[in-house]
Each structure stands twice: as structure tokens, then as C-alpha cells.
Amino acid sequence: MGSSGFSWTLPDHPKLPKGKSVAVVVLDGWGEANPDQYNCIHVAQTPVMDSLKNGAPEKWRLVKAHGTAVGLPSDDDMGNSEVGHNALGAGRIFAQGAKLVDQALASGKIYDGDGFNYIKESFESGTLHLIGLLSDGGVHSRLDQLQLLLKGVSERGAKKIRVHILTDGRDVLDGSSIGFVETLENDLLELRAKGVDAQIASGGGRMYVTMDRYENDWDVVKRGWDAQVLGEAPYKFKSALEAVKTLRAQPKANDQYLPPFVIVDDSGNAVGPVLDGDAVVTINFRADRMVMLAKALEYADFDNFDRVRVPKIRYAGMLQYDGELKLPSRYLVSPPEIDRTSGEYLVKNGIRTFACSETVKFGHVTFFWNGNRSGYFDATKEEYVEVPSDSGITFNVAPNMKALEIAEKARDALLSGKFDQVRVNLPNGDMVGHTGDIEATVVACKAADEAVKIILDAVEQVGGIYLVTADHGNAEDMVKRNKSGKPLLDKNDRIQILTSHTLQPVPVAIGGPGLHPGVKFRNDIQTPGLANVAATVMNLHGFEAPADYEQTLIEVADN
């Protein structure tokens, strides 16, 4: 903060002592919903979480993890791991990706910035390529934003536009890709009627083409590069609608894993490879699954796969995807400026911190928790440990994931006496839940519960405190439902599996031998959310939170 009166020093809490080890456990994708056969958390054997829920009602609360509570535009917007961990770590609610883009599009500000002026220089003689997820899921992108952007760029001089689509089926229903393609094709038809050469150029399923994250599998990005940039793919079609319908008809096909395809003209030539002088915009507002493509598009020194041909382009992201790497260096909408996170405060007040997860969620307990900031605040007081995730398989094949390894590292960190806070993310409920495999998700929830036990046992041994929470829902509801709550059926009378996050609240549980006996959850916060957790954790460490943080969830009763 710029004011001369600012201090990083946190005041002592008047009633809570310092010096207790605090374990912060985030169960990814672990919401609270009605118990039925499609609630994998309910079906699974989860004795530890059950005991927290049923043990002491004053030590268990549900908080909001979606919509306005995490900075998203409306309460119809599902939470996600990025905004969830931002809120958990920042202690305040910041306007997030989708909301920032909405504001910039509505005001026209998106067209005034350096990023747009940079790509605009290619409009006269080059092609504008838009690459991203074609979906209204609102987690990575939104169709209406693409529609507004197409209108805006065409009104501001873009003469030739190529859209490279990635089908969803993860944050929206499988099969919805066909409707999204039809909508986009109609919009492009209207642009062509106005003299703009606009069409879909390539496509593929999000989990198989382009949208890998945390450098788990560069082949995913390469398949996208080949189709989008080189105009080469194993499947060639005259239209995207034909492509999606044909590829979905293959055995076991689904939107998430459609193979890459390119659209070709009557001569069999790809209609939209990226060439020298073109402009490229990656339209997703969520960062994690765009970073790898951004590196391939922007870095001159790049050896993760053979790009074959590296066109001289003007590239901008919808947002900047990594603030520490300054990637991409150009972007259409500035990211939220998250300052004074709880992690930075606590480290500056002497709290030695250990953070751990496996690859798929490691960035969440570090980068996103710390306000979209890479690296340490103070390397002498922090240690971040990444357990490598399984690669080359879908997570339902090995639903235990690395929960045991994460828990053991957390246990060892607690028992070592070197750390005041041990923070972990257990990804099972979310990552396996996304596969839509109910049986595997039940196993995943059991594994996460067993991991929590290992950590809480260590808390018990060191006389510490625990706070167990989640970042959003997923595993607690695996089916699409009608307004009355009954599962929806498809045309073959089979339940429609839900692979996305949910709008459900998530738990916050506190306890441990080090917890002051008078601590209990307050009842005077009207709509508690994830952002209230940061002040709560600060209290557990014996500090008062900054005045502008969302209120703590706890109070101390006088005995």
C-alpha cells in the first residue's frame, strides 16, 4: 500500500495465543449437498469428515464458495479452484476474470488498452485468430464474451477472423458442443454478410487438445499447435458442425476428448493456419489451462515440443495468465491486483509456512493462494513441495491420486517443528469428480478422508490446531437435476452425469488440542464465504486480521 502509515505488523489477538501449529487443509471439490446415491461424499466411507461434521456444531460451518462470494459476476456462476484459493488467501473479494472481462466489454475499455491496439496493427493485412473454449460454463470462458468480442473487433477493422474452438463437456453437459457450434456458425454467417471473412478454422476437445496445465502433458498442447497454427490434424472437414457431429459419433467419444480437426476448403487446404503478420488472442479468462499455449505462442526459446514453424505474430491473452512470468506480455484486460494476502502478512509476522499438493493443484496452494504470485515471500521462512501427479491416465483410473503422499509430507512438516502453518490441497474430489465416474469418485473421497486423518493425527501429536475447508463443490453431486432436484435423464432414460463444479456451499471445520476452549463459530455473519477464512486463520495464529479483511468466522467466548 502506498500510504506512509501502512504497517505489515499484525496486532496480537486479545484472547488467542501465538505459537500453535496450524494445519490448513483444502479438500478440492468437496461441497455439501443432500445425501443420495449421487452424492459421492455421502456414499463414501468418510469417518473423519463425518466426525468433524457431527461432533461439535459450533466447530463446523458451511460457507459460500461461488458467485459474488468469490468475485464472480452472479450467483449463477460456479466457483472454481482459482477464484476459491484467491479468496481463501486474500481475505477479501476481488472482481475476478469473468467479471473483469464483462466490465471491460460492457464499457468498451477492452478496445482502449495497449493489448488491443497491439493486435489491431495486424487487422489491415493479416488474420485475427481467436483460440479458446467454446462454452457457456463460465469457468474458463463464456460464449457471450466471444460473441461480443467478434462484434467489437469486426467493427474496429478486423477483416479476416478465424476461430479455433475447443469443445467442453466438463463444465457443461457432454454433447452441448453441437449447440454452441451452431450458435457460433450463425454469428459468423452474419459477419460474412457484412463483408468480414469469418469462419471456424480448427477444433478439438479441451482435455485432449491445447488445454493442459502445469506442464503435465505437452502433447496436448502440441496437438492444438499443429491444428491451430500449422493447419494440420488427423481429421479434416468442410465445417465445424460436421466435424463435431461426426467425431462425437465415434465409440466412447465425448466433448472433452474430441480429437483435433481442421476445416478445409474445396481444394483440401486448411482455411486458417496462423501465418506471419497475423494476430492471435487466447479468449479464455481463466489462466491455468492457457499458460502452456501462451508459452508456445510467445517464447522464442522453447523446447517442450517441435513447433515446426513459428510465425511472426502479434499475440495477446484475454488476461495476463501468469503475473510472475509476465505471460502473456500483452493482454486485453488487466488482471485483478491482489495485494496484502494473508500468506504475505503471516510470513512477515514470523509464521514459518509449509505448502504442499500434487502437480494438478500445487499452483492453487501457492500461486493462487498468494494472489496470483509465483515464488516465495521469504525463502527463509517458507517451503513449497510439489508431489508429481500421475500422467498419461485419467484420474478415475487411480482415484487415490497422491493424497497419501501429500498427507505424509504434511505430517512430517508438522512433526518436524520447523513450521507454524502447514497448508495442503487434496485434489481427489475435484479431479476424479470431473471424470464423471461415480464409483471412482467414491473411492477418491475415501482416500481424501484418510489423508485428512493422517494430518489431524499429527496435529493432535503436536498440540496444534486444524482448519479443514474446501474451495468449491463437485463430488457431492454427480448428476444434472431439474428444478425440483430430481436427476435428469437422457433420451435413453439414463441419468445425465454432471462433471462440473456445483453451486453448493463448502464446509469449514476447526479443532485440535491447541484450539482455545472458548473458540466457536459466530452466528452474526449474514453470508459467510471463502474470503472469511483468511482472517480466521490469522486468529488461530494469535493475530488480529487487517481491518479491511472479510470478518473472521470465529469468536472467543469467555469461560
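Cβ coordinates are placed from backbone N, Cα and C, and glycine is handled just like the others.
Swiss-Prot names D28, D471, H472 as Mn(2+) 2 ligands; from the candidate set S74, S81, S107, S416, the record adds S81 to that same site. In sequence order, G29, H66, M78, G79, N80, V139, D171, D430, H472, G473, N474 constitute the residues six or more apart from H501 (Mn(2+) 1 binding site) in its chain with CB-CB distances below 8 Å. Here the binding-site residues are H140, H434, H472, and the one with the most other Cβ atoms within 10 Å of its Cβ is H472. Each residue contributes its Cα atom, and for H140 (substrate binding site) and S81 (active site, phosphoserine intermediate) those atoms are 11 Å apart. Each residue contributes its Cα atom, and for H434 (Mn(2+) 1 binding site) and D471 (Mn(2+) 2 binding site) those atoms are 15 Å apart.
Annotation for R289 (substrate binding site): same-chain Cβ neighbours under 8 Å, separated by at least 6 residues, are H140, R206, T210, M211, D212, R213.
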